[in-house]
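*Asks:* One structure, pasted below without further comment.
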Amino acid sequence: MTGALMLGMSGKGDQKITLKIEGDGPIGAIIADSDAHGKIRGYVQNPGVHFTELNEHGKLDVRRGVGTTGTVTVTKDIGMREKINGQVPLISGEISEDITYYLATSEQIPSAVGAGVLVNPDASIQAAGGFMIQLLPNASDEVITHIEQQLANMPTISKLIDAGRTPEEILVDILGDDVKIIEKVPVSFECVCSKERFGNAIISLGEKEIRDMIDEDGGAEACCQFCGNKYNFSVADLEGLITESKN
């Protein structure tokens, strides 16, 4: 979700993005939606998977859950009829590395991406954060070398977060003291699901499927994978959807 949030924040206006990572690991697909206003939501296909192994850097071994074979897909919704899709193969299963590869390969933007998360013993999230550095076309070799050296020598983002470093302090750690904060945007989880949206999805199934829900189940229940909210559709609701589909 941190990676999707940073990709979304790099957009403009009301642009929305969906980051989908499909690997061959046990957690299945990872999907996150974000926008340029700091709104984020996401889920994994198999949230019940647990693993505690650390990788060679002392971080949670994410690739064990994600897998190392698959795809990274970024879908951009800029308000046009057709959405823009970019897709690259999964190269490591470490999400930061795979997003870096996506940006370099699909968008031709040299970037450095780092993300980390601290997990409590009860599996709740203590803190999460990350950085995304993108070079401008006129960046000097001196600047590039400095950033590369800083990134090579700095602790992992998880350790910086655990040490209590603020986002501003992490920027200074990477870029040096001459950093100007242009804008601060609060981030928050926000789901846009609604009964109306699920109703439209049910309509798309066709009248026969809706009739089966009425005859076999006496109604329907829809559950949002992003936030867990449930929406119940009575027989009258489903009959109304059939009528609506014919109008």
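Even glycines carry a Cβ here, placed using N, Cα and C.
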*Asks:* Taking TrEMBL as the reference, C193 is linked by a disulphide to which residue in C191, C223?
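*Replies:* Disulfide partner per TrEMBL record: C191.
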*Asks:* Measuring Cα to Cα, tell me the gap between C191 (disulfide bond) and C224 (disulfide bond) in whole angstrom.
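*Replies:* Cα-Cα distance, C191 (disulfide bond) to C224 (disulfide bond): 9 Å.
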*Asks:* Just to verify: the residue among C191, C193, C224, C227 with the fewest other Cβ atoms within 10 Å, which of the disulfide-bonded residues is it?
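*Replies:* Checked C191, C193, C224, C227; of these disulfide-bonded residues, fewest Cβ neighbours within 10 Å: C227.
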